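According to Swiss-Prot:
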| type | residues | note |
| --- | --- | --- |
| ACT_SITE | 80 | active site |
| ACT_SITE | 173 | active site, proton acceptor |
| BINDING | 78, 139, 196 | Zn(2+) 1 binding site |
| BINDING | 139, 174, 378 | Zn(2+) 2 binding site |
């Protein structure tokens, strides 16, 4: 299984599937559809049933049940890689029997246990790293490789009891659109798991409540030589507004269950300037308080202005899946037991972000998140451990077996 996983993963990361938040297309990049077509052909050749690729880039397939009366479950991963860092010409490095020392990434970069202490747990194992010029794509091509490998194992080992199993590979998860065209009804699963986490043992069913706020400052432009008493610089208004934001309530000062405001982007000219913030909190009431506080700050600042004005638009992005998953405790219990059966210690922690599963849970498909075995996603220091990928694959198989016992 290890060699098969490795070969499958290396094949997948050769596809540059970065999504593009500026695009209105679905998928946002054609390369995701090309990758999905490749996977469709592979699934058909491996004997999966009902292999379908929608015009929106959603790839689904089925492993038929070999026992009756068992819940249909699903496994989900995403096709795209993050637009945050280059995904072109990915050149993986395979480090066998890792010795615990610095790993050279090309000529200029280093992956060091001094900076990334997680490396210390993988001494003696096989790592896949970047060459320093791109991200790796383990998020989420490791998840895709693990799902296909696990479900193919079930197809070729009919002695393992399991119910009907569905898979779906979604586009544009990294830009928050992965669930936009997901057809929960036709998917037909009672619950599902995204395979989109990090280190071995991660089991996540809490995520941020998330919103985006766009604060717009309006000014008045004129020739700077005749600007006295006339010009209103929207950029100055925006900068002074941001100076009123709490300095410590930001991502770089938060961890665990802390929420934050994050200035994601700012742009403007004299006439108009915009500040784009993301708002995050695990607690729903605190989340609502944050949105109210920011709105009130805009109102107070407007009252101080003699000229110029701010407006604010806040849109919710996704909510904490915890409220939708906890009423179905068997979903978590089965995943925990599957790991324990494989001598894996479950690591239950909140997702300081979101997954397709967070939105799908509110669409009627409870969907916690499981580990892939990767680290340092979205950048040049990304790496995955092949032995961890094997464990993720085995966990998927074990979940299928345990679900067959849960009637």
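Glycine is no exception: its Cβ is also placed from the backbone N, Cα and C atoms.
Features per Swiss-Prot, on structure.
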residue	record	DSSP class
78	Zn(2+) 1 binding site	strand
139	Zn(2+) 1 binding site	helix
173	active site, proton acceptor	helix
196	Zn(2+) 1 binding site	coil
378	Zn(2+) 2 binding site	coil
Integer Å distance between the CA atoms belonging to residue 139 (Zn(2+) 1 binding site) and residue 80 (active site):
8
Out of 78, 378, which of the binding-site residues has the smallest number of neighbouring Cβ atoms within 10 Å?
378
Starting from the Cβ centroid of 139, 174, 378, the recorded Zn(2+) 2 site, name every other residue in that chain with its Cβ within 8 Å, sequence order please.
81, 82, 84, 135, 140, 377
Of all the recorded positions here, 80, 196, which one's CB has the most other CB atoms within 10 A?
80
Write out the long-range same-chain contacts of the residue listed as 'active site, proton acceptor', meaning residues 6 or more apart in sequence whose Cβ is under 8 Å from its Cβ.
19, 78, 79, 80, 140, 196, 355, 356
Cβ within 8 angstroms of the Cβ centroid of 78, 139, 196: which residues besides those meet this for the Zn(2+) 1 site?
77, 140, 143, 173, 174, 194, 195, 355, 372, 377
Rounded to the nearest angstrom, how far is the Cα of residue 378 (Zn(2+) 2 binding site) from the Cα of residue 139 (Zn(2+) 1 binding site)?
8
Across all chains shown, how many C-beta atoms besides its own are within 10 angstroms of the C-beta of residue 139 (Zn(2+) 1 binding site)?
26
Neighbour count (Cβ, 10 Å) for residue 174 (Zn(2+) 2 binding site):
24
